[in-house]
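Structure record follows, encoded as structure tokens.
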Ligand code: G16
């Protein structure tokens with residue numbers, strides 16, 4: 001059902017406060033999708049791409065308000081990341097390049113679900129007043145727009161532009177088809193007064209990569225670590241961008257399969273980081289010819305990264321190196337650099353630079369990885385699923401390293417730490433140039449430029465992995481053997497209403513429905529090293545079940561029996577009965 005802003009509403013808007021106008025001309029995008037409740041969720045709004053134009057239009061208004069509120073440019077990315085090609089979605093990047101402030105999510109939900117233009121406009125005006133947002137002609141919002149390769153992206157981009165236009169004086173800058181992390185990086189760079197185009201992004205990544213590669217210790221380069229990497233681009237934008245980036249890199253040979261351009265594969269179908277990590281099988285187009293090679297997989301919008309190696313014994317199975325092992329590799333490297341930086345020299349007079357390092361994971365982190373990180377002496381904290389939670393926590397440290405097992409993650413450096421590091425680097429350059437502490441300072445500074453400071457980024461993460469493996473002189477085998485993952489299994493259960501599941505303790509315990517947690521505990525107790533939790537997905541209409549145990553059979557069986565409990569408590573049969 002399409003509804004229009006009528007003349008009366010336009011008069012109301014024009015007259016709401018002197019010169020405070022929402023221009024409501026492009027109203028063809030305003031309609032109400034009955035039977036669907038939109039929720040900002042784990043990473044923005046997601047749904048069938050054909051049903052989203054009104055939501056994206058409204059998100060355009062929301063983004064413009066966010067920009068007016070903060071006084072800086074914000075980002076609006078049209079993507080549904082790992083979801084199937086028919087889905088699409090929208091998320092807003094705050095001025096620092098991170099996710100939109102969580103206290104705006106209820107407003108986002110209210111806007112997305114407003115039943116008619118009148119209530120929508122009322123909501124906007126009320127919220128603007130409450131938040132002290134001036135809608136005058138003098139104030140202008142700036143919104144950087146990006147989209148991935150989904151077929152519905154182009155029309156949704158138009159809807160977003162029309163929504164943005166509703167706030168007079170707003171400027172929409174179309175950055176084209178980009179990865180999600182590229183858009184977040186551009187927003188951050190623009191607001192920091194730095195160059196923010198795609199070529200600037202490629203330049204920053206390739207230059208900091210070169211700087212790090214130039215500092216690989218000689219004894220490691222002679223070890224002849226394989227510099228060849230096979231990458232699965234999920235048939236999406238990430239593969240395309242990596243094709244461009246790799247032309248600027250030296251010391252690394254990348255072959256990309258499954259780009260969006262190769263014409264055959266469907267986005268995320270049988271390919272991509274989510275598929276590889278959850279199914280533990282190689283993506284399409286990878287087979288016996290790739291056995292033994294170091295392979296990486298990106299997801300549909302390139303904000304996730306996992307590595308894998310096709311098994312010699314069975315080419316349809318893989319040794320998976322997930323976000324936990326990427327995190328562990330990075331943690332080892334950062335620790336080593338801090339150790340070098342603060343190593344006492346013979347004069348013993350040098351200043352040291354203490355750094356509070358924190359590691360952030362979610363309940364999906366394999367228990368073996370958490371044990372390993374704690375054994376390294378690192379502070380490990382858990383947050384609920386969602387980059388928005390992990391990022392916020394990691395930002396509390398001098399160096400915060402966060403990763404979800406599914407491959408989202410990055411390393412954050414505090415401004416305070418970086419400015420001290422820069423000073424220390426300068427001092428060392430004049431007093432002790434070329435020394436180990438000096439090199440460690442330069443490496444850490446280069447890492448802070450290579451690894452995306454706005455959000456987890458598969459492309460920059462991949463380059464850092466490659467540098468660290470070279471630095472350590474590690475083969476894929478060394479990395480795989482860092483620790484042994486506990487066998488695990490993830491299942492999805494379709495239920496009548498996933499919002500009926502409420503969790504606590506970083507999603508490790510179910511509070512509602514009553515009795516489900518007891519059933520999970522009773523099942524888990526049957527398995528040695530058993531651990532299991534369930535949670536509603538924020539991106540798909542399902543409940544996720546995660547189980548871990550001493551053997552694969554045991555993890556599979558635990559996940560299966562807990563799924564049956566979930567189905568019993570919440571499945572369609574239950575809801576029909578109670579009806
Ligand atoms: C999004 C979030 C991630 C989260 C993932 C899965 O990823 O950004 O932090 O881990 O959803 O969420 P859920 O289990 O709630 O479906 P992406 O790659 O889809 O944007």
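Any Cβ shown, glycine's included, is placed from N, Cα and C.
According to TrEMBL, the feature domain 'Alpha-D-phosphohexomutase alpha/beta/alpha' maps to 66-103. Per-residue confidence over the domain 'Alpha-D-phosphohexomutase alpha/beta/alpha' (66-103) averages 97 (mean pLDDT, predicted model).
Its Cβ placed at the centre, residue 303 (Mg(2+) binding site) has 31 other Cβ atoms within 10 Å. The Mg(2+) binding site feature in TrEMBL is assigned to 81, 299, 301, 303.
Taken from TrEMBL, the feature active site, phosphoserine intermediate covers 81. Around residue 81 (Mg(2+) binding site), the C-beta neighbours below 8 angstroms that are at least 6 residues distant in the chain are 43, 89, 148, 180, 299, 300, 301, 303, 304, 539.
If you look up TrEMBL, you'll see 196-306 (among others) marked as domain 'Phosphoacetylglucosamine mutase AMG1'.
TrEMBL lists 322-474 (among others) with the feature domain 'Phosphoacetylglucosamine mutase AMG1'.
According to TrEMBL, the feature substrate binding site maps to 404, 405, 406, 535, 536, 537, 538, 539, 544. Look at residue 544 (substrate binding site): DSSP puts it in a strand. Over all protein chains present, the Cβ of residue 544 (substrate binding site) has 23 other Cβ atoms lying within 10 Å.
According to TrEMBL, the feature domain 'Alpha-D-phosphohexomutase C-terminal' maps to 492-562.
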Among the binding-site residues listed here (299, 301, 404), identify the one with the smallest other-Cβ count within 10 Å.
404
Return the single residue from the binding-site residues list (536, 538) that has the minimum number of other CB atoms within 10 Å.
538
Should we count any of the binding-site residues 81, 404, 536, 538 as near ligand 1, judged by a CB under 6 A from one of its atoms, and which?
81, 404, 538
Starting from the Cβ centroid of 81, 299, 301, 303, the recorded Mg(2+) site, name every other residue in that chain with its Cβ within 8 Å, sequence order please.
79, 82, 148, 179, 180, 236, 238, 273, 298, 300, 302, 304, 458
In sequence order, which same-chain residues at least six apart have a C-beta under 8 angstroms from residue 406 (substrate binding site)?
273, 274, 277, 278, 304, 306, 322, 323, 364
